[in-house]
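> Sharing a structure with you now.
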């Protein structure tokens, strides 16, 4: 009879080959689809990272899209100057010039026009005079004692440009805008032959209950921490230090049983703000046991250790840490390139292709 196969056996062999081929194709397809979850406390820079993905991987914001951000730029600018003026009352700081009190009253009267995306020359003049005032600057230098947008000085220092009638926000202006994320924002893009699905979820405590259904099938978690938050308290709980809240949250994510096989990427963000702040605000505000110097390198390395030490599975799970400045496109591009290489390697391993 020899080794000839019956028609039935041949069909079985073909079926087996087809199953193997399908399994491999499914594995390759899974390896090519990447689900990224962006987590972190409120105002840690998650949404800015998402905006950078659009700039880096999707040709950025069109002129029409930029125009839509004009109202947000104006709103952020006015919210910032109003926050400073209100804090002056609480901190008992007087205006450098008495006439500025009239400007402050005018500010509250005129502020409404900016909500429609219009900044009148009268309103711009009022804000400029207030921002130049010695008392306002003294209050701004104490911004850790109240809630203020990171982008406050960026917009207020550039009022001449942003108050022009023909003003169109730049990509950088868009990156600097702050809108509280509610719910889940999903972004898709392709990079290095991978199809990315990135989910940005609100960081405030009230938003966290919405995270849970995003967790299934996650390839990697990018956890954002604002380094510059070490001397600040939460917007939603003024008793809680923001860095301590971040550590608590990172601990619960990093050691969660659902994420045993999920890559954890730690973005220690706002390194530019941290570098400036550490010169005048000691790290002991957050970590009383810290005995090192208040230099960027030593203080940043200490914070990195505090987070990495929370990983209770060091022997089997690695935390990939990067120092980032989410508003710097080149920095984010460089870091995300390195992150993608780690994801490719880990993803292929999981699918048995590496």
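From the backbone N, Cα and C atoms, a Cβ is placed for every residue, glycine too.
What Swiss-Prot records for this protein is below:
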type	residues	note
LIPID	2	N-myristoyl glycine
LIPID	3	S-palmitoyl cysteine
DOMAIN	32-354	domain 'G-alpha'
REGION	35-48	region 'G1 motif'
BINDING	42-48, 150-151, 175-181, 201, 203, 269-270, 272-273, 325-327	GTP binding site
BINDING	47, 181	Mg(2+) binding site
REGION	173-181	region 'G2 motif'
REGION	196-205	region 'G3 motif'
REGION	265-272	region 'G4 motif'
REGION	324-329	region 'G5 motif'
> Apart from its near flanks, which chain residues at least 6 from the ends of the region 'G5 motif' (324-329) lie with a Cβ under 8 angstroms of it?
45, 48-49, 52, 55-56, 171-172, 175-176, 224, 267-272, 335
> How big is the Cα-to-Cα gap, in Å, between residue 151 (GTP binding site) and residue 181 (Mg(2+) binding site)?
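Here the two Cα atoms are 16 Å apart.
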> Please state whether DSSP places residue 42 (GTP binding site) in a helix, a strand or coil.
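In the DSSP reduction, residue 42 (GTP binding site) maps to coil.
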> State the residues, same chain only, that lie 6 or more residues beyond the ends of the region 'G1 motif' (35-48) and have a CB under 8 A from a CB inside it; answer 'none' if no residue qualifies.
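Non-local partners: 150, 175, 178-181, 185, 196-204, 207, 211, 214-215, 217-226, 229, 234-236, 242, 245-246, 249, 253, 267, 269-270, 324, 326-327.
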> DSSP helix, strand and coil counts for the region 'G5 motif' (324-329)?
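The breakdown for the region 'G5 motif' (324-329) reads 1 helix, 0 strand, 5 coil.
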> At the Cα level, what's the spacing in Å between residue 201 (GTP binding site) and residue 47 (Mg(2+) binding site), rounded?
9
> Sequence gap of 6 or more, C-beta under 8 Å: which same-chain residues meet both conditions with respect to residue 272 (GTP binding site)?
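Residue 272 (GTP binding site) has long-range Cβ partners 325, 327, 328.
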> Pop the Cα-Cα gap between residue 181 (Mg(2+) binding site) and residue 46 (GTP binding site) into the table, whole Å please.
9
> What average pLDDT is reported by the model for the region 'G3 motif' (196-205)?
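Across the residues of the region 'G3 motif' (196-205) the model's pLDDT averages 77 on the 0 to 100 scale.
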